[in-house]
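A.B. asks: Dropping the structure in here first, questions after.
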Amino acid sequence: MPRIGIIGGSGVYGVFEPKETVKVHTPYGRPSAPVEIGEIEGVEVAFIPRHGKHHEFPPHEVPYRANIWALKELGVERVIGITAVGSLREEYKPGDIVITDQFIDFTKKRDYTFYNGPRVAHVSMADPFCPEMRKIFYETAKELGFPVHEKGTYVCIEGPRFSTRAESFMFRQFAHIIGMTLVPEVNLARELGMCYVNIATVTDYDVWADKPVDAQEVLKVMAENNYKVQELLKKGIPKIPEERHCGCADVLKTMFV
């Protein structure tokens with residue numbers, strides 16, 4: 001059984017060779033796509049393309065609960081979430097990697113929990129991301145010579161539209177990067193006692209910067225980011241220990257009413 005799961009985009013296929021496809025039926029419907037099982041550097045992993053095999057799910061329609069539940073059903077204990085983000089700060093440049101340490105939720109109508117009754121849970125999200133995996137991927141990015149930020153606050157918006165300029169100026173007062181897919185993925189993983197790390201890749205500056213978007217430049221940055229993520233996964237995943245020493249699963253002891 002795979003103990004590591006990856007949720008991301010098509011760039012993962014550059015480093016991941018699927019060996020088996022598993023259709024998982026969950027109480028929350030079907031995942032974005034059948035789960036693909038394969039190996040990265042000899043480590044068995046499970047992969048779900050977040051937006052579907054053909055990018056058919058916009059951010060607000062991704063079946064987040066089904067995705068996380070499916071990975072848990074297959075034995076996954078650690079989830080690596082890969083996201084593309086815009087920058088809210090000058091120093092977070094296109095092409096940079098951010099190992100997110102906090103998030104702010106500005107989504108509006110997603111399925112946020114597995115516990116809608118009769119059982120009720122209040123999960124602690126003070127430190128939402130696995131410290132063990134954050135350290136591994138930050139240090140690996142440094143070793144590879146990639147521009148990386150050890151911390152960053154991710155503001156997650158509903159989408160699929162982008163922010164207005166007024167919203168962007170507001171968000172940059174308290175966050176570093178902006179995207180549409182981190183929530184509720186991260187809190188659902190926490191509710192099931194799973195470790196979660198977010199590897200965010202900066203594609204461009206958000207609208208606050210008032211810089212014209214050059215489509216060719218964005219595509220170039222995205223291709224470079226895919227390469228960096230692939231190298232990070234190749235070098236970082238083998239460093240993840242078999243046993244968890246992070247305490248991420250401890251929340252299960254205190255979250256139920």
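Glycine is treated like the rest: Cβ placed from N, Cα and C.
Found this in Swiss-Prot, in case it helps:
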BINDING   Ser10, Arg50, His51, Thr83, Ala84, Thr181  phosphate binding site
SITE      Ser163  site 'Important for substrate specificity'
BINDING   Met180, Asp204, Tyr205, Asp206  substrate binding site
SITE      Ala215  site 'Important for substrate specificity'
A.B. asks: Looking only at C-alpha atoms, tell me how far Thr83 (phosphate binding site) is from Asp206 (substrate binding site), rounded to the nearest Å.
C.D. replies: 15
A.B. asks: Give the distance between the Cα atoms of His51 (phosphate binding site) and Met180 (substrate binding site), rounded to the nearest whole Å.
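C.D. replies: That comes out at 12 Å between the alpha carbons.
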A.B. asks: Round to a whole number and give the Cα-to-Cα distance in Å for the pair Asp206 (substrate binding site) and Ser10 (phosphate binding site).
C.D. replies: 23
A.B. asks: Determine the Cβ neighbour count for Met180 (substrate binding site): the number of other Cβ atoms within 10 Å of its Cβ.
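C.D. replies: If we count other Cβ atoms within 10 Å of Met180 (substrate binding site), we arrive at 22.
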A.B. asks: Compute the mean position of the Cβ atoms of Ser10, Arg50, His51, Thr83, Ala84, Thr181, which form the recorded phosphate site, and then list in sequence order the other residues of that chain whose Cβ is within 8 Å of it.
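C.D. replies: Nearby residues not in the site list: Ile7, Gly8, Gly9, Pro49, Ile82.
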A.B. asks: Quick one: among the binding-site residues Arg50, His51, which has the most Cβ atoms sitting within 10 Å of its own Cβ?
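C.D. replies: When each Cβ's neighbours within 10 Å are tallied, Arg50 tops the list.
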A.B. asks: Counting all other Cβ atoms within 10 Å across every protein chain shown, which of the recorded positions Ser10, Thr83, Ser163, Thr181 scores highest?
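C.D. replies: The residue with the densest Cβ neighbourhood is Thr181.
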A.B. asks: Rounded to the nearest Å, what's the C-alpha distance separating Thr181 (phosphate binding site) and Ser163 (site 'Important for substrate specificity')? Just drop the number here, would you?
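C.D. replies: Cα to Cα, Thr181 (phosphate binding site) and Ser163 (site 'Important for substrate specificity') are separated by 14 Å.
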A.B. asks: Round to a whole number and give the Cα-to-Cα distance in Å for the pair Tyr205 (substrate binding site) and Ala84 (phosphate binding site).
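C.D. replies: Given the Cα positions, Tyr205 (substrate binding site) is 12 Å from Ala84 (phosphate binding site).
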A.B. asks: What does DSSP say about Arg50 (phosphate binding site): helix, strand or coil?
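C.D. replies: DSSP call for Arg50 (phosphate binding site): coil, neither helix nor strand.
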A.B. asks: Quick one: Cα separation, Asp204 (substrate binding site) versus Ala84 (phosphate binding site), in Å?
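C.D. replies: Their Cα atoms are separated by 9 Å.
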A.B. asks: Would you mind listing, in sequence order, the residues at least six apart from Ala84 (phosphate binding site) in the same chain with a Cβ closer than 8 Å to its Cβ?
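C.D. replies: Counting only residues 6 or more apart in sequence, the Cβ neighbours of Ala84 (phosphate binding site) under 8 Å are Gly9, Gly179, Ala200, Thr201, Thr203, Met222, Asn225.
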A.B. asks: Measure from the Cβ of Tyr205 (substrate binding site) and count the other Cβ atoms within 10 Å, all protein chains considered.
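C.D. replies: Around Tyr205 (substrate binding site), other Cβ atoms within 10 Å: 19.
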A.B. asks: By Cβ count within 10 Å, point out the most packed of the binding-site residues listed: Asp204, Asp206.
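C.D. replies: Selected residue: Asp206.
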